[in-house]
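**Q** Pasting a structure here, questions to come.
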Amino acid sequence: MNGLIFLIPVALGMGGLGLAAFFWSMRSGQYEDLDGAAQRILLDDEDPA
Amino acid sequence: MNAVVPRTTDASACIDSRFTVPGMRCAGCIGKIERGLAEIAGVAAARVNFSAKRVAVSHAPDLTDAQIVDALNHLGFEAQPVAENPLARDDAETKRLLRALAVAGFAMMNIMLLSVAVWSGADGITKELFHWLSAAIALPAVAYAGRPFFASAAMALRYRRTNMDVPISIGVLLATGMSVYEVLTGGEHAYFDGAVMLLFFLLAGRVLDAVMRDKARSGIASLLSRMGRGAQVAYPGGETKWVDAANLAPGMMMQVAAGEALAADGEIVTGESRFDRSMLTGESVPEPAGPGDIVHAGTINLYSPVTVRVTAAAEDTAIADIARLMDEAGQSRSKYVRVADRAARLYAPAVHSLAALTFVGWMIAGAGVHQSLLIAIAVLIITCPCALGLAVPAAQVVAAGALMKRGLLIKDGSALERLAEVDHALLDKTGTLTLGEPRPSSIAALGEEDRAVALALAQASRHPLSKSLATTLRQVGVTAADVTDIDETPGEGLRGQFAGRTVSLLRPEHGAEGLAVALRNEEREFIILFTDPWRSDAAEAIDALASLGVPSAIASGDTSDAVSKASCEFGIPATGGMSPADKLAELERRRTEGQKVLMVGDGLNDGPALAAAHVSIAPGGASDVSQQAADAVFVGEALMPVALAIRVARRTMKTVRQNLAMAAGYNVLAVPIAVAGYVTPLIAAIAMSLSSLIVVGNSLLLARAARDPK
């Protein structure tokens with residue numbers, strides 16, 4: 001029973017963390033160009049910078 | 001790897017421009033464009049969006065759009081500037097739905113966690129604690145994630161209509177309300193899990209719907225942009241400035257460069273050129289115009305720069321007139337009721353009276369108000385159209401995705417539903433049955449050297465005939481000869497030096513029939529004829545339509561005998577010389593006869609007809625206006641996607657009906673249990689997810705439909 005006092009906030013907190021991460025990733029435009037992200041991995045990084 | 005180093009020092013002075021680059025195909029293109037643009041002085045950063053086939057360029061204000069387009073052309077990509085993110089509003093809608101889905105998903109998982117504990121035997125204070133926790137999670141989640149449904153239901157009720165969202169909202173609100181009451185009074189069952197799960201599944205359906213729409217729209221938007229968005233205006237003081245189309249006013253002097261589209265109607269003051277009027281008339285032969293002649297917005301200046309005095313701008317142009325005609329024509333389509341809402345019209349009264357009857361029945365049986373109400377609400381929850389909400393979008397998204405792979409972009413689900421009902425087809429000729437652009441028809445007579453010379457000359461020019469000749473020659477594997485000193489005389493042609501003699505590609509002197517150019521090399525002269533060829537599979541596509549029970553007819557604005565030739569070629573009736581209003585009248589006549597007509601056309605003159613037809617498809621080369629008016633756009637040189645679209649649409653509707661029948665069948669099984677008062681939250685949760693899974697599984701089978709050739 002005492003375990004619940006820790007476990008429930010932990011479960012909620014982890015869920016909330018996932019939700020916050022999703023909102024953040026959406027706001028920062030990570031879903032704007034899904035096909036492009038798949039292609040960019042093939043780009044060789046030749047920029048000296 | 002994707003960070004482009006800012007080159008200009010003052011980043012705050014940069015302005016952002018967007019360009020659509022339809023030609024990018026691979027990672028190499030992304031790298032080439034981003035690196036190539038970043039090397040230009042004045043460009044701070046360039047970022048490619050591959051999904052939308054766009055480039056966003058952040059650059060110094062003194063670098064014009066035209067210069068960047070030119071730079072992209074040098075990199076080997078055709079590009080067009082686009083207006084500031086025209087699709088932002090649709091994107092926002094999808095994002096709101098996605099956020100609601102995420103919240104519903106979070107709430108559903110956590111409430112399920114607590115509910116499972118309750119189902120497996122937690123009782124006493126633990127159970128009460130879990131119910132309170134569930135309530136604390138569910139109430140804000142329902143308030144947030146339920147908004148799209150509540151708003152739409154409220155809107156429908158205000159206009160005394162009912163749609164799918166009305167029974168959904170009633171079900172969710174009643175389930176939540178009753179659960180809150182149960183928690184407050186320390187009751188047995190709380191249905192928070194059911195209510196939130198319902199929202200989650202339904203939102204999944206909505207998100208699918210929105211994603212399908214966005215994807216098709218951004219595909220179409222990347223094709224758009226031939227319309228003049230503005231003009232370089234010369235002011236009396238000698239200053240010139242770029243003015244947006246909306247701000248042009250009569251009396252202004254527009255300087256229109258070769259290759260530019262006009263942004264307003266006007267009268268030519270100086271210069272002489274030819275204009276491509278295909279957007280307005282569907283006629284592919286360029287028309288000459290000189291000082292004193294009237295030219296219209298939307299036509300493209302092909303040869304040499306002219307100065308045009310604006311006579312009518314913005315709302316008063318010939319194009320705007322057609323746009324108004326189109327708006328009016330589109331009214332009838334907005335009355336179309338989608339299949340989900342039609343189902344809801346039958347479904348909602350049935351379910352609600354069933355719940356009411358259950359309540360009355362248990363009252364008569366003497367169960368007491370509280371007990372009777374509990375059972376009635378359980379009936380509402382178990383019948384809530386969870387699978388119904390998924391039945392339609394799931395099938396349509398799968399079908400639209402499959403069609404997109406075959407080169408057909410469907411704008412929304414309602415277009416698929418209307419496509420399935422089509423029983424007659426009306427086809428435009430130019431650009432629909434034909435490719436809509438001139439192709440050289442007689443290069444076989446040319447020798448190897450002549451071809452190489454022709455390619456070298458043709459690729460130096462941006463004239464449509466030269467471009468077409470160059471493309472065709474490259475396709476048959478010709479490499480350009482080493483022609484030097486190429487000089488283009490507008491209205492006449494190209495001359496150059498090859499192996500010490502003059503070669504030329506000129507307008508033929510004595511009037512050859514139709515479009516032609518004369519290639520001169522040494523003493524030899526060849527006349528290369530151009531025709532607008534039929535799409536290679538036009539006849540097959542018309543046959544395929546006929547075999548689907550959709551007879552075709554041709555309605556063209558063309559007055560020449562090409563229309564009757566088309567009629568003979570394909571063995572279908574044809575009418576020529578039709579104005580936009582004539583086409584509208586023809587559609588109206590057919591509608592009163594009860595026909596459901598599919599209109600396929602590309603020109604601006606087809607715009608009103610495309611908007612008025614039961615459903616319409618435009619080819620990817622069509623004018624912007626037509627693509628916006630049409631329900632679907634097909635890309636590529638084949639006409640077959642049109643027939644495929646109808647076949648897949650019919651299969652989709654079959655699947656939708658199966659889905660609806662399955663959802664209803666599940667209700668037939670579940671309702672007696674609910675009416676008898678045996679439904680617990682556990683049973684509701686299992687029934688709901690099971691029926692949704694079945695519906696989604698059945699819809700996925702559709703992916704095969706578009707792959708089968710027959």
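Every residue gets a Cβ built from N, Cα and C, even glycine.
All annotation found in TrEMBL is predicted automatically rather than curated by experts.
So TrEMBL has the following annotated:
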DOMAIN    B:15-80  domain 'HMA'
TRANSMEM  B:97-117  transmembrane segment
TRANSMEM  B:129-146  transmembrane segment
TRANSMEM  B:166-184  transmembrane segment
TRANSMEM  B:190-208  transmembrane segment
TRANSMEM  B:346-367  transmembrane segment
TRANSMEM  B:373-403  transmembrane segment
TRANSMEM  B:660-679  transmembrane segment
TRANSMEM  B:685-703  transmembrane segment
**Q** Select the range from B:190-208, B:373-403, B:660-679 that forms the most Cβ-Cβ pairs under 8 Å with the transmembrane segment (B:685-703).
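**A** Ranking B:190-208, B:373-403, B:660-679 by Cβ pairs under 8 Å to the transmembrane segment (B:685-703) puts B:373-403 first.
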**Q** Decide whether the stretches the transmembrane segment (B:97-117) and the transmembrane segment (B:346-367) have at least 3 CB pairs under 8 angstroms, with pairs required to be 6 or more apart in sequence.
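**A** The transmembrane segment (B:346-367) and the transmembrane segment (B:97-117): touching, no.
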**Q** Mind checking which residues of the chain, 6+ beyond the ends of the transmembrane segment (B:373-403), have their Cβ under 8 Å from one of its Cβ atoms?
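**A** For the transmembrane segment (B:373-403), the far contacts come to 164, 167-168, 170-172, 174-175, 178, 189, 191, 194-195, 197-198, 201-202, 204-206, 208-209, 211-212, 215-216, 338-340, 343-344, 347, 351-352, 354-356, 358-359, 362, 367, 409-410, 413, 416, 641, 644-645, 648-649, 651-652, 655-656, 659-660, 662-663, 666-667, 670-671, 673-675, 677, 679, 683-684, 687-688, 691-692, 694-696, 698-700, 702-703, 705-707.
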**Q** Which sequence positions outside the transmembrane segment (B:166-184), separated from its termini by at least 6 residues, show Cβ-Cβ distances below 8 Å to it?
**A** 128, 131-132, 134-135, 138-139, 142, 146, 149-150, 153, 156-157, 190-192, 194-195, 198-199, 202, 344, 347-348, 351-352, 373-374, 377, 380-381, 383-385, 389
**Q** Please identify the stretch among B:129-146, B:190-208, B:660-679 with the greatest number of Cβ pairs below 8 Å relative to the transmembrane segment (B:346-367).
**A** B:660-679
**Q** To what whole number does the mean pLDDT across the domain 'HMA' (B:15-80) round?
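**A** 82, rounded to a whole number.
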**Q** Using DSSP, break the domain 'HMA' (B:15-80) down into helix, strand and coil residues and give each count.
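**A** Secondary-structure composition of the domain 'HMA' (B:15-80): 22 helix, 20 strand, 24 coil.
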